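Q: Sharing a structure below in structure tokens format, with a few things to ask.
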Amino acid sequence: MATLLRSLALFKRNKDKPPITSGSGGAIRGIKHIIIVPIPGDSSITTRSRLLDRLVRLIGNPDVSGPKLTGALIGILSLFVESPGQLIQRITDDPDVSIRLLEVVQSDQSQSGLTFASRGTNMEDEADQYFSHDDPSSSDQSRSGWFENKEISDIEVQDPEGFNMILGTILAQIWVLLAKAVTAPDTAADSELRRWIKYTQQRRVVGEFRLERKWLDVVRNRIAEDLSLRRFMVALILDIKRTPGNKPRIAEMICDIDTYIVEAGLASFILTIKFGIETMYPALGLHEFAGELSTLESLMNLYQQMGETAPYMVILENSIQNKFSAGSYPLLWSYAMGVGVELENSMGGLNFGRSYFDPAYFRLGQEMVRRSAGKVSSTLASELGITAEDARLVSEIAMHTTEDRISRAVGPRQAQVSFLHGDQSENELPGLGGKEDRRVKQGRGEARESYRETGSSRASDARAAHPPTSMPLDIDTASESGQDPQDSRRSADALLRLQAMAGILEEQGSDTDTPRVYNDRDLLD
């Protein structure tokens, strides 16, 4: 048996191991297409700001081809460094594209104010053709700008500080698009607006240079469909992270936005580790979880072997990303989602409608959190030096806090996932019973008895105070009391209806201990 277990562990480890890069064959080369990237040919701020203005106008034109749009975006993304050409050549390693750099300088003879640097050759016409979209009169909006503030006609500046603020504002809006351009483009607008408000409050961006939604949609769609552009953006992020010492302000902002980009599309894997394993609830000892725990361990080792590109595997369309989906560990994922819903309010908005979702293990996670409330881990207590008296004090305080949170209907018990609670009694999970359940059931019984007594006494008092509608009302008495006879009759009718509803609810309460809820399996199908 020991040999079998060792062989099983070795099999699982080799099964999830990434393929070895070395081999007898050579590198596979694909058919490359050429991308032209305009970069500044001198160190003048005027050249850079004019190039930025022309590229922003170029990107907003819907008639621009895909490769030309990618080249313009790469040119904007690399404008904040001192030598954009060296940066692009250093970090670009794409088997699908071949990048050609074109240096751009100022020119008074061209309509765009720019020309391509060359040795003795007049390139003004080619520059005008490139920056004017082949037809200068085709788009009035491209000439007026793509900012929400239509008073901004151009973004040409002379000082470096103003240029950095404008460039940082535009780059922030582009980088934020990468966070959900691949994983959730339909719900990206709300999160992008929250990031914009955050950086505006931090004075990292200028609110007047907010780009139009149409312009942002064009860039988001291009990021989603062009893998080469995403490869360049990820390579740029990794290059910034490797830079020692202090970084430029725009580089620090890109690293800050990276916290929303990293691990995009890996929420199931990360949340399963966070709520399913790190919480260390005793439910992990179930035999049903043994195989999936081994799978998750192999995936964690594989994640580490992938290196610095592992958090971006979904953005980079790495085929190994399918191993990390929740379908590889459905029971453990369902259990972790139940734990997460009870512990964090933000988990209530997640979509659990998957074909491999198991409601039973989801409820198992919920019950583990509820019935373990106030308990102190003996292992952590010994490591932290917590005495038994301190542990009892913590448990008592935690129990009161949990009861107060539930009584105020604020916290982990959310309405979004209320349909996932079982429509059976508390005896559905016999292994999770205890003294707390007996106290809860006893309290429910006492509450029902007191409700019946109080309801019957109130009903008798009401019947004595107000006769039923079948008895004729004394109009003279009603007139003397200052009430309208019709109002008194309507009040009596309403009181009788309330009494009838109370009787129905009382009969339902005596039949079942738990309220009737929908069947979660029917709703998830």
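Cβ from N, Cα, C; glycine included.
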Q: Swiss-Prot annotation phosphoserine: which of Ser138, Ser481, Ser488, Ser510 has it?
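A: Going through Ser138, Ser481, Ser488, Ser510 one by one, Swiss-Prot flags Ser510 as phosphoserine.
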Q: According to Swiss-Prot, phosphothreonine sits on which of Thr169, Thr183, Thr279, Thr295?
A: Thr279
Q: Going by Swiss-Prot alone, which of Ser425, Ser456, Ser479 is annotated as phosphoserine?
A: Ser479
Q: Rounded to a whole angstrom, what is the largest C-alpha distance between any two of the residues Lys180, Arg195, Gln202, Tyr260, Asn351 that the record assigns to RNA?
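A: Maximum Cα-Cα distance: 32 Å.
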Q: What are the non-local neighbours of Arg195 (RNA binding site), defined as same-chain residues 6+ apart in sequence with CB under 8 A from its CB?
A: Ala172, Val176, Ala179, Ile257, Tyr260
Q: Helix, strand or coil by DSSP: which one applies to Thr279 (phosphothreonine)?
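A: Going by the DSSP assignment, Thr279 (phosphothreonine) belongs to neither helix nor strand, so it counts as coil.
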Q: How far is it from Lys180 (RNA binding site) to Thr279 (phosphothreonine), counting Cα to Cα, in Å?
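A: Answer for this pair: 28 Å between alpha carbons.
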Q: By a 10 A CB contact count over all chains shown, which of the recorded positions listed here is most packed: Gln202, Thr279, Asn351?
A: Thr279
